[in-house]
Amino acid sequence: MPRTYIDTLRDHEDGAKVVVYGWMQEARIMKNISFLMIRDNTGTIQATFKNDEATLDIIKRINRESIVRVDGSVNKKSISKAGIEISGTSISIVNEAEAPLPLPVVDPVQADLETRLNSRFMDLRKRNISAIFRIESALLWGIRQYLHSQKFIEVHTPKIVAAATEGGSDLFPVRYFEKDAYLNQSPQLYKEVLMSAGFDRVFEVGPAFRAEEHNTTRHLNEFTSIDIEMSFADHNDAMAMLENAIRSGIENAVRENAEDFESLGISISVPETPFPRITYEQCIDLLQKDGIDFTFGDDFSPDQLRTIGSRFSGFYFITEWPSSVRPFYTMPKSEDPRLTNSFDLQYREIEVTSGAQRVHDPKMLIQRFNEKKLDVKSFQFYVDAFKYGMPPHAGWGLGLERLTMILLGLNNIRETTLFPRDRTRIVP
């Protein structure tokens, strides 16, 4: 008989025969009847058994969180809180759990995050914890669907590379046979090469690695990056694509994951588009009107971003950043080369992502390399792609975990990562 998922039991007729597999969450043995709470990845159901000698012997031997099989029938006349249960006819232990458990699943014991991460497999069994990742999955799926609808194709680029994407030193070195190599910070260079190849619109979802020695609640050293690049586009086109992709992702999560939001005690609304825009220089004016000193060419501090973000209720763009704080591939503004056709997407004081129109003229690209004091020879495969017809193009890269953290109002990005990699953690 095929397995029945718990969340489909209401679709069955009263009295229908079912087989449920799952974790035995808790058991209550009464005089004549026993009640077991069984959990699978779709929900929890009560199963009731008459206490005949053979059945009672099995139930008494089941440790919490053991894997069990329950055969029985759907009972929609149940007086249980859910109004439905399984009237069990047999139960068997598929795989027994050891006792005691390294981390409680249902008991109201508050463990700190480090303890939870050390026993992550147990932590993820909690409904409110696994809900984060079901929402994250739906968020990503909504973004993917939107990009497909806009004629993007999904690509997969190398994660072992010979040079830094942005020329920095924040790289994890690896030994690639007899050569030195690095884990890629971003698919940026390869996305742009694909514009020269005529792919027109591409996106990638994959790991990115940053060897930055931070240890904050907003940073990871390995994260999931959603990157796009689009031809015959500028920074305004890229911003429109970004805000609509995020809106699509949130719409899908809200539509598909109502129970998960409820289990987290969260109610969210889909953001309206377009998101507000404010230029870098307008931000400076705003800060100075509040009596805050700021020098052109500096990046904004968290406190300064908090001041700026207080003017907005949600997502907003800061545009036209100085060339000095943007990567070499960022297009300068034609009317003021001090500035660039670039943007950061912010949520209050938190940076969500950044993007820009890219340089497409090979001579300007070489000039930008020289300004940033980068060795062109280290990027020859990339530079060559600009010599034979590179279209104007723009794009962005978006961290999935940070977006999820913002959406759910969580205080630590590690909560949105199955197995976080940070300054101190590489296990599990």
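Note: Cβ is positioned from N, Cα and C throughout, glycine not excepted.
The L-aspartate binding site annotation in Swiss-Prot covers Glu166, Arg210, Ser354, Arg358. As annotated by Swiss-Prot, ATP binding site applies to Arg210, Ala211, Glu212, Arg218, His219, Leu220, Glu351, Gly399, Leu400, Glu401, Arg402, with the evidence given as sequence analysis. Annotation comment: Swiss-Prot describes Glu351 as Mg(2+) 3 binding site. The annotation Mg(2+) 2 binding site is assigned in Swiss-Prot to Glu351, Ser354. According to Swiss-Prot, the feature region 'Aspartate' maps to 188-191, an assignment based on sequence analysis. The site 'Important for tRNA discrimination' annotation in Swiss-Prot covers Lys81 and rests on sequence analysis.
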Please name which of the recorded positions listed here, Lys81, Glu212, His219, Glu351, Arg402, is nearest in space to Arg358 (L-aspartate binding site), Cα against Cα.
Glu351
Give me the DSSP three-state residue breakdown of the region 'Aspartate' (188-191), ordered helix, strand, coil.
4 helix, 0 strand, 0 coil
Which recorded positions sit within 10 Å of Leu400 (ATP binding site) - Cα, from Lys81, Arg210, Ser354:
none
Cα-Cα separation of Lys81 (site 'Important for tRNA discrimination') and Glu212 (ATP binding site), in Å?
50
Whole-number Å value for how far Arg210 (L-aspartate binding site) lies from His219 (ATP binding site) (Cα to Cα):
9
Which of the three DSSP states, helix, strand or coil, fits Arg358 (L-aspartate binding site)?
strand
May I ask you to report the DSSP-based helix, strand or coil state of Leu400 (ATP binding site)?
helix
